[in-house]
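Structure, as structure tokens:
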């Protein structure tokens, strides 16, 4: 795996290994303090009323725990968990087949819900509000609508592109929850918990070194932790991951002190060399990257940490970004 892709948030082949590291209960979940406080109320209230929980929309940058939270909600409600993804639902019949096979109170999780086409969205409207499906049978003058009742259920949608969800769909989610980037202290806890699960010794300095380069994202923190553990097992067989060892391993992986990899640095240097606002299409062409990938995986953290700024005319490097490139001798 190249260092260019090590930080990126798409589901890479090894991501299924992180399932074992996921918390199963809401009390085990680290971070997102306000979200968790509110979720506890919503879950407990629905459980005591023996009703399906209101529909939930989880949104925010990739890798912050949206899928994990969906699993936890189902677990805490003691109901079945069903899942699919927006791109997998190509026609209304696909969604109808899933909805009619749900059991009462089930949780249905739709990842990348912003990628649903409008025809499928319209099927969801009546399903979410009235627990029924309006199916059109026949064509032309002979067409008629059949109303099919479905079990009461909870829909959990997850998206990294909140603005791409249509207003009618967005308004049908009674519980919208925004997930924020993690602090270094929170990521230290995530890493230490993972180390305990897979029986790897790591001290505070080692966990903090990895956490500080994880771009505020648990998925990245766990991936970097696994790679540092690989170096430990290869070079020492046994021992503890300390700050010096973690720093050395991350340097070999091409991750700098701010957590930037080669693709991030290419982005920053290109914007610097443009000497002014530069459009996203121009950046994507220069980096040979998809516009959506840049907007979802590279830019959020750079904007959050004030290294770049979005303006109506394009992206510009901030003073902080310029000083970082200069002090790190990247320019």
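Indices start at 1 and increase along the chain as displayed.
A Cβ is built for glycine as well, from the same backbone N, Cα and C atoms used for every other residue.
Record features, source Swiss-Prot:
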BINDING   21, 22, 63, 66, 67, 68, 129, 130, 131, 172, 182, 219  ATP binding site
BINDING   67  Mg(2+) binding site
BINDING   310, 315  DNA binding site
REGION    1-182  region 'Large ATPase domain (RuvB-L)'
REGION    183-254  region 'Small ATPAse domain (RuvB-S)'
REGION    257-331  region 'Head domain (RuvB-H)'
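The most densely surrounded of the binding-site residues 131, 182, judged by C-beta neighbours within 10 angstroms, is 182.
Nearest Cα neighbour of residue 310 (DNA binding site) among the listed binding-site residues (21, 67, 129): 67. For residue 67 (ATP binding site), applying a Cβ distance below 8 Å and a minimum sequence separation of six or more within one chain yields 109, 111, 158. In this model, the region 'Small ATPAse domain (RuvB-S)' (183-254) carries an average pLDDT of 93. The binding residues for ATP are recorded as 21, 22, 63, 66, 67, 68, 129, 130, 131, 172, 182, 219; their greatest pairwise CA distance is 37 Å. Here the C-alpha separation of residue 131 (ATP binding site) and residue 315 (DNA binding site) works out to 45 Å.
Annotation note: residue 182 (ATP binding site) sits in a coil segment as assigned by DSSP.
Highest local Cβ density among the binding-site residues 310, 315 belongs to 315, counted as other Cβ atoms within 10 Å over all protein chains shown. Separation of the C-alpha atoms of residue 315 (DNA binding site) and residue 129 (ATP binding site): 41 Å, rounded to the nearest whole number.
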